[in-house]
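As recorded in TrEMBL:
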TRANSMEM  B:20-41  transmembrane segment
DOMAIN    B:81-274  domain 'ABC transmembrane type-1'
TRANSMEM  B:85-107  transmembrane segment
TRANSMEM  B:119-140  transmembrane segment
TRANSMEM  B:208-232  transmembrane segment
TRANSMEM  B:252-274  transmembrane segment
Amino acid sequence: MASVTFKKVCKKFGEFVAVNNFTLEIRDKEFLVLLGPSGCGKTTTMRMVAGLEEATSGDIYIDADRINGVLPKYRDVAMVFQSYALYPHLTVEDNIGYPLKIRKVEPAERKRRIAEVARRVELDTMLSRLPKELSGGQRQRVALARAIVRTPRVFLMDEPLSNLDAKLRTQMRAELKHLQHELQVTTIYVTHDQIEAMTLAHRVAVMNKGVIEQLGTPREIYNDPRTLFVAGFIGSPPMNLIPGEVKEGIFNSAGFRVGGFARANISRAVLGVRPEDVHAAPVEDDDVNLVAPIYSVELTGENTLVSLRLGGQLMTLRADKNFTGQIDEQIGVKVATDRVFLYNGETQDRVDF
Amino acid sequence: MEIVPKIHVRSRLREMLVRLTAYVTIVVALVVTLFPIYWIAANSFKFDIDIFAVPPEWVPKNPTLKHYDEAFIQRPFLRYALNSFLVAVGTTIVSVCFGTMAGYALARFSYPWQWRRQISFWILSTRMMPPIVSIIPLYLFFNYFDMLNTKSALIIAYTAFNLPFATWMMKSYFQDLPVELEEAAMVDGDTRWGAFLHVALPLARPGLAATAIFCLIISWNEFLLSLIITLTEQSQTLPIGIAGRVTQYNTYWGEISAAGFMACVPIVVFAFMVQKHLVRGLSLGAVKG
């Protein structure tokens, strides 16, 4: 069991800066998710912990051991690859047992431990098969079993669920979370899927262009997005981000007016509000923030997503599943003013008021 | 109702034509490649007089093993064959070993600037000059080290010519293997060398087989270097021995055919042995679900 610490870590590929001045402390037994779009440096960060990439500058520690330049085999980490990276010429049993064989664990003990993890991931009837004879979900389990067959100091998981179909992904997500809770091993998990991040993590580090935009619990990240990037990245459907201007405390964008920003004057502002904090209201109400025509109505089952035309863009609100509005019908909109976020369009940072 | 069968007939005719063309091409290719082999095989069992019979005697009417006796019992063709075998196998082992390691290094390691390309090209460029260019320096070299008329000299010379191809073939093979497999092995506790040995090498078996047979054929058939470097019966190889039966006064077609036919056999046998490895696809199913 171990903590992982990054101190001012930079990684350059030629002129390209993949990871920039990255500082982060991952606590013992923590499930930390690195979340970000592709190319944001999250996988590179993880590969530096595995020893598959070397940091250009800065230090990485597992517990008190500085691991820069240490060979992967001496780092005692286990990794699940996005492609699973199963050895195609070895059976499931030999794949799972590979880390033990390399560590010269006695054959009897090896067999016992393989059987144990195989049972845990429900592969005990498939030990003699080759990877090509398995389904995607089964391969994923083999990769997982290979990681947990020994007890490493840190688990590294590089988008392990991205090759599974939607149903299986949801199931494996729950299993992963349970497994991590049971094994109590520090885990670094890389994904671009914000739902995975929200559901799995103790803490999420949202990354963009090689830096951490925000670090916090899933709840903090969702309820308190500190930059425009985080606001737009987290949430499904994403937060409405409406450009406009703030004059004497009132935000205005193509007839959409929200008040209550004391003293503020910002010429390039962006107002953020989540779809669930926007409510439909009768057009004739006095305190509606906007009256606009409906662009589309999508029933998701548990509720209805309603898009409205606002200037050149769409604004989404999450309405009740019994919402009856029709396309092109005018409706009123009220936003929960205590649930809106105001961002400075130039600095991309949040303006607190 | 009328239109449907018409189109149907036309497409079937077309399909038949395509098939027919394919079969004819295959038959022509087979005749062109296999007939000469059949012809020397047939000639090796004929008496001298029948070899030149007009019209040609397609199947030996009075088969004889006379030429086999002449070549392998009375003349030292067994010795030549043994020399060829030792030299070809030696060259293949050395070339495949070094070619595999060099190919792996070129495929996997990182190089500053454009050195990967430069080094790869430089290795290949050694094959760009005709072998005759290097014969005199090689001759002087082996003479200096007193290695003329030795099989080791032939192995060294052949390896020099086989290694570039072996390196390039293995390089492209390793480049096709997903790098994550070796990364996984290293994270699982292996060294780079271990990952190469336990993961990359077993998966490169088809490549190894292809490279080995390539080296074997080249060395088994090589003529020019052997002709210059070796002069004694103890060191000469089969092609030199066979060519030696074209003499000032006579050309012994029967012996040449017998020895030539027997020279084909080992390569064909080896090719059959490694045939299944020559088919790609072992690494299918390694990645993606």
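The first residue you see is number 1, and the count goes up from there.
In case you wondered, yes, glycine gets a Cβ from its N, Cα and C as well.
Across B:20-41, B:85-107, B:119-140, B:252-274, stretch B:85-107 shows the highest tally of CB pairs under 8 A with the transmembrane segment (B:208-232). Here the transmembrane segment (B:20-41) sits against the transmembrane segment (B:252-274); at least 3 CB pairs are under 8 Å, leaving out pairs fewer than 6 apart in sequence. Among residues of the same chain six or more beyond the transmembrane segment (B:85-107), those with a C-beta under 8 A of the stretch's C-beta atoms are 116, 119-120, 123, 151-152, 154-155, 158-159, 162-163, 165-175, 196, 200-201, 204, 208, 211-212, 215-216, 219-220, 226, 237, 266. Within the same chain, residues 102, 106, 111, 148, 157, 160-161, 163-165, 167-168, 171, 224-225, 228-229 sit at least 6 positions outside the transmembrane segment (B:119-140) and bring their C-beta atoms closer than 8 Å to a C-beta of that stretch.
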